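Pulled from Swiss-Prot:
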type: ACT_SITE; residues: Asp72; note: active site, proton acceptor
type: BINDING; residues: Asp72, Gly73, Asn146, Asp147, Arg157, Lys174, Asp176, Thr187, Ala188, Tyr189, Ala190, Leu191, Ser192, Gln247; note: NAD(+) binding site
Amino acid sequence: MEQFRNIGIIGRLGSSQVLDTIRRLKKFLLDRHLHVILEDTIAEVLPGHGLQTSTRKLLGEVCDLVIVVGGDGSLLGAARALARHNIPVLGINRGNLGFLTDIRPDELEQKVAEVLDGHYLVENRFLLQAEVRRHHEAIGQGDALNDVVLHPGKSTRMIEFEIYIDGQFVCSQKADGLIVATPTGSTAYALSAGGPIMHPKLDAIVIVPMYPHTLSGRPIVVDGNSELKIVVSKDLQIYPQVSCDGQNHFTCAPGDTITVSKKPQKLRLIHPLDHNYYEVCRTKLGWGSRLGSSDD
């Protein structure tokens, strides 16, 4: 397993719990004589840290492991910035759900030590890249680890659009919007809209209509290498938005085309050896535990 010597730290701003955890993590890493680099925005609120700092974009060039302290939203933002560097990312949960940031603060030293000693799992999670085009010209681009969502923005009106997959017409729909999600994102917004849960190792994309104006509007799972094209109706009287992971937003006009496809670079997500995807689902989604009579 790869040995890590240069460790970057990214954290969610505005939380004293995050800062406390970062201080613990920093001390632990320095005690192991590792080179620690702080993201510059976090460094500004940690006076006297005495460490090298870097912007998030450049962090991937100077580190061989990045640890994210925060919630899943923090890791989503880090993933979009770091995927192009092919650098491993480890998450310490200081948020709510913790689907991606799966190390609890109370087990920080133990689990991080295991990873640094080479005892870890690596998952390659693919991202989506989205582009909004108007009159054959790109007006907005963004990446997403979870999902790309077409929605009406501040309007309460429905959106009319057409869906094409690999150049083939699939259907036209009238709905509150459309969610295009990765397996990683299948347990996020897409799940709330009635989409299926997809195992992270699947090479697939799920397309989930949001409150479609027809009983036949159902989620569809397609090959992960598919290229999706969503054409907004020219007769639409609102300007819908496209959101990537709920963090990057672009405004569309009637007649615009949104293309969504797999991004070439993947996120290398690190887990402790005892990571169990089904246990995560059971814990975070409230699935039932084993029956008391089960012997297995």
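Using N, Cα and C of the backbone, Cβ positions are placed for all residues, glycine too.
Keep in mind that what you see is a predicted model, and the values were worked out from it rather than measured.
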Span of the NAD(+) site, taken as the largest CA to CA distance across Asp72, Gly73, Asn146, Asp147, Arg157, Lys174, Asp176, Thr187, Ala188, Tyr189, Ala190, Leu191, Ser192, Gln247 (Å, rounded to a whole number): 31
Spatial neighbour of the residue listed as 'active site, proton acceptor' that is closest, considering only the binding-site residues Asn146, Arg157, Asp176, Ala190 and their CA atoms: Asn146
Proximal but sequence-remote residues of the same chain as Ser192 (NAD(+) binding site) (Cβ under 8 Å, at least 6 apart): none
Recorded positions: Asp72, Asp176 - member with fewest neighbouring CB atoms within 10 Å: Asp176
List of residues, in chain order, with Cβ under 8 A from that of Ala188 (NAD(+) binding site) and at least 6 apart: Asp72, Phe99, Asn146, Asp147, Ala181
Secondary structure of Asp72 (active site, proton acceptor) (DSSP, helix/strand/coil): helix
